Amino acid sequence: MPIFAKLAYNNGSNSTTVLAVRFLLASLTLFIYFKIKRQNFKINKKQLYILCVLGVFGYTITSETLFMSYSYLSVGLATTVHFIYPAVVCLIGYLFFKERIGKMKLIALILSIIGVFILVGFENKTISILGVTLALISGVSYGANIIGLSLEDISSLDNKISTFYISIFSGVTMLILAILTKRLSLAINTEIFVSYIGISLVSTITSIIFLLKAIEEIGATSASILATFEPIVSIILGVLFFKESFTFPMLIGTMVILISVIIIAKSKEEKVIEKEEDTRSSL
């Protein structure tokens, strides 16, 4: 996602316009899909309210602050700072939803946070405080989003339906914001067109659907920790496409985050095996 965003920025677009196009094009694509498949995508009023809040406030705040941070930080660093959100998910889950934090999950969480601070705290070049602040705000907001998506009323929905409504509310909000702030960019060329398609179809529809599926399968906290693999991909792509620096602290930080991902994945695998053994023993 940050790669497509940077591509659009470098060719004359801006964060607000990119996000408006991102969500509106994603919702249009899903609407066409529902019509072709003749799939019913109606939801009840409570579900509509929750998805409206998530779209208008949650995803709008998360996306706008994260995309703005790309203008001040490298895509790898901005995305990595954003991934402080597993701590937010754990805290909200523990305080309000009594979600248990196991030993392995706690270790993985601590490692992911350590990895983030290694990347931020030991970066040699001057870091934009505004960029870091924006990325942190996006992380806190996204953590709240994940908790919202894990609510029973939403997790029971088809992932594509949830994605459709979130995209509509976020897209309309970003479009209104772009018009009111006079940031609606009509610039278009091949690079911007490719970035719009990529960020709408690949980075939005695919990512939200898989996130919802992950929350359904392994829970909000585990899904958020596993998703910390994204900064590693962002750093690699940033180096390859935008010639961004890749320092030794960045290497150490990404390795620590990757270890946390492996730990939580291994923990999930062992949990599944234990569940299967319990099932067989009961037969």
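Just so you know, glycine gets a Cβ as well, placed from its N, Cα and C.
Per TrEMBL, the features are:
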DOMAIN    2-120  domain 'EamA'
TRANSMEM  19-36  transmembrane segment
TRANSMEM  48-70  transmembrane segment
TRANSMEM  76-97  transmembrane segment
TRANSMEM  104-122  transmembrane segment
TRANSMEM  128-151  transmembrane segment
DOMAIN    130-264  domain 'EamA'
TRANSMEM  163-181  transmembrane segment
TRANSMEM  193-212  transmembrane segment
TRANSMEM  224-242  transmembrane segment
TRANSMEM  248-265  transmembrane segment
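Most Cβ pairs within less than 8 Å of the transmembrane segment (193-212), among stretches 19-36, 48-70, 248-265, belong to 19-36.
Per-class residue totals from DSSP over the domain 'EamA' (2-120), listed helix then strand then coil: 94 helix, 0 strand, 25 coil. Scored on C-beta pairs under 8 angstroms, the neighbour of the transmembrane segment (248-265) with the top count among 48-70, 76-97, 128-151, 163-181 is 76-97. Here the transmembrane segment (128-151) has long-range neighbours at 50, 53-54, 58-59, 61-63, 65-66, 68-69, 71-73, 77-79, 81-89, 91-93, 96-97, 120, 162, 211-212, 215, 219-220, 223-224, meaning same-chain residues at least 6 beyond its ends whose C-beta is under 8 angstroms from one of its own.
Regional average pLDDT for the domain 'EamA' (2-120) in the model is 84. When the domain 'EamA' (130-264) is classified with DSSP, helix, strand and coil residues number 115 helix, 0 strand, 20 coil.
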